[in-house]
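A.B. asks: Right, I'll just put the structure down here and ask away after.
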Amino acid sequence: MNNQKTFKGLRLAALGLVAVAAFTAGCSDVSTELKTPVYKTKLTAEEIRNSAFKPEFPKQYASYERNDETTVMTEYKGSVPFNKNDNVNPLPEGYRHAQPYLKNLWLGYPFMYEYREARGHTYAIQDFLHIDRINRYAEKGGLPATCWNCKTPKMMEWVKESGDGFWAKDVNEFRDKIDMKDHTIGCATCHDPQTMELRITSVPLTDYLVSQGKDPKKLPRNEMRALVCGQCHVEYYFNGPTMGVNKKPVFPWAEGFDPADMYRYYDKHGDLQVKGFEGKFADWTHPASKTPMIKAQHPEYETWINGTHGAAGVTCADCHMSYTRSDDKKKISSHWWTSPMKDPEMRACRQCHSDKTPDYLKSRVLFTQKRTFDLLLAAQEVSVKAHEAVRLANEYQGAKAAGYDDLMIQAREMVRKGQFFWDYVSAENSVGFHNPAKALDTLAQSQQFSQKAIDLAMEATQYGIGKDLSGDIKTIVPPILKMNRKLQQDPEFMKTHKWFQYLPVLPKADQVWDGQKRLVSAKQ
């Protein structure tokens, strides 16, 4: 009898341990042992048209078409294409959570002309061809064909045809050689058309993976569920003519994914000849402070990878392509690439956080985003003040410190670093949520670097510029609300802000391009 009880007790204990283990496994890191679905489509290996995938996968395609939505905002983000520097006007022109100093900080760089909240991926080519960053007032756009890299799977054809010579071609050369809807970011960007296996089509990502000893065709599926997004949602730069293939895109990840890692990388991978910045990389020189600058691009992948979710194996697809049920109750991955915050039930989050209510989960996201956004505004103001301090010090006519030139080099270095650290978070599209600790730490460092620039400029002028930096920065350097290529052709407009004196007045010109339509002939 006692033996039977003992055996029964041991059996119950064993079952209990199994249950606990199963429960724990359900709450632990996401398994990377995902079974890969196997398909055999009727498509060719070269198929890139989005419409060709619709008959094969109508349910997924229907969800993909939801990327056409352009009216819904979350608290800080959304798909309404407002001007991201305009916190004065209401939607759709501006928005209360805009950053007013963007045009100041990007003065002299095409981003100063237009920078809007992105619409869905289905509009990638349409919005690209209408944006003012590309010169539409001349036959040539003034930017390399590299800019097409993350807009279309047609890149594969173009690179195959032209090889590495493709990258340095003018962006407008391909303006009318593409279907804005059928060739936009879509199925072929991430899937093999014949098997639907996830694949890497990005040249710079392939180059990086190979440099790390990885075969892009033999990666675990869970890793691929993030990397297909990491083809484009990343920081990148274009090679200079002396640094390899001219204008070829490169991911600056050789030293790591954090802003400090990238900043070290950029210090060694450029061809600048400016005193104090020799051999460093710069996207442009800010005309007000004369500082060689780096423009950060949307580093979502780098932000996510060592955050809470990235470290746990939770991928982009888990949150932004969560499972849904079609009308016939079939379970599919949604191809509406959007914020989980647009779902009142927060179902993407509750796949793991099933013990939390939707309201609680939203409140936690907003808690992080508010703290991040408040620091973004603070960091950009200190960055603007740093540019102004260096500008004033450049032109200071009073008695200067003995080490003036060296102090000014150091000041510009801190301007450059402070703005890059701010931009790393500003350009990243989660308002801090992909990695709250990294976002807040990066913005704190940004303010420290920018303040150091101010201190160095003050020291260089023996504090002679102090009186001109005293007071509210919005009064000292007003935010630039409007600036575009047409306005830069107007001499009177160019007198409306003191920083505009460092920009040339553009010659009068008619608009040549409206999307893919040529309006007038242009002389080169």
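Glycine is no exception: its Cβ is also placed from the backbone N, Cα and C atoms.
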A.B. asks: Starting from the heme 2 binding annotation in Swiss-Prot that includes C187, C190, H191, which of H335, H353, H387, H434 is the extra site residue?
C.D. replies: H335
A.B. asks: Which range is it, out of 86-90, 116-120, 351-355, 471-475, that shows up in Swiss-Prot as region 'Interaction with NrfH'?
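C.D. replies: Per Swiss-Prot, the stretch marked region 'Interaction with NrfH' is 351-355.
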A.B. asks: Kindly point out which candidate in H97, H121, H497 is recorded by Swiss-Prot as part of the heme 3 site with C229, C232, H233.
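C.D. replies: Checking H97, H121, H497 against Swiss-Prot: the heme 3 site match is H121.
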A.B. asks: With Swiss-Prot as the source, which of 29-39, 194-204, 293-303, 480-490 is set down as region 'Interaction with NrfH'?
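C.D. replies: It is 29-39 that Swiss-Prot annotates as region 'Interaction with NrfH'.
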A.B. asks: Ranges 206-219, 318-331: which does Swiss-Prot label region 'Interaction with NrfH'?
C.D. replies: 318-331
A.B. asks: Kindly assign H353 (heme 5 binding site) to one of the three DSSP-derived states: helix, strand or coil.
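C.D. replies: Reduced to three states, the DSSP call for H353 (heme 5 binding site) is coil.
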A.B. asks: Go ahead and report the DSSP secondary structure tallies for the region 'Interaction with NrfH' (318-331): helix first, then strand, then coil.
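C.D. replies: The breakdown for the region 'Interaction with NrfH' (318-331) reads 3 helix, 4 strand, 7 coil.
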A.B. asks: Which sequence-distant residues neighbour the region 'Interaction with NrfH' (351-355)? Criterion: at least 6 residues beyond either end, Cβ under 8 Å.
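C.D. replies: Long-range Cβ neighbours of the region 'Interaction with NrfH' (351-355): 27, 314, 318, 322-323, 361.
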A.B. asks: When the number of other CB atoms within 10 A of each residue's CB is tallied over all shown chains, which of the binding-site residues E117, E235 has the maximum?
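C.D. replies: Comparing the binding-site residues E117, E235, the most crowded Cβ belongs to E235.
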A.B. asks: Pop the Cα-Cα gap between C232 (heme 3 binding site) and C150 (heme 1 binding site) into the table, whole Å please.
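C.D. replies: So the Cα of C232 (heme 3 binding site) lies 6 Å away from that of C150 (heme 1 binding site).
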A.B. asks: For C232 (heme 3 binding site), which of the listed binding-site residues (C147, K295, C319, C349, H434) have their CA atom within 10 A of its CA?
C.D. replies: none
A.B. asks: Other than C187, C190, H191, H335, which residues of the chain come within 8 Å of the heme 2 site, judged by Cβ distance to the Cβ centroid of those residues?
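C.D. replies: Close Cβ neighbours, site residues excluded: F53, Q60, Y64, G186, A188, T189, M196.
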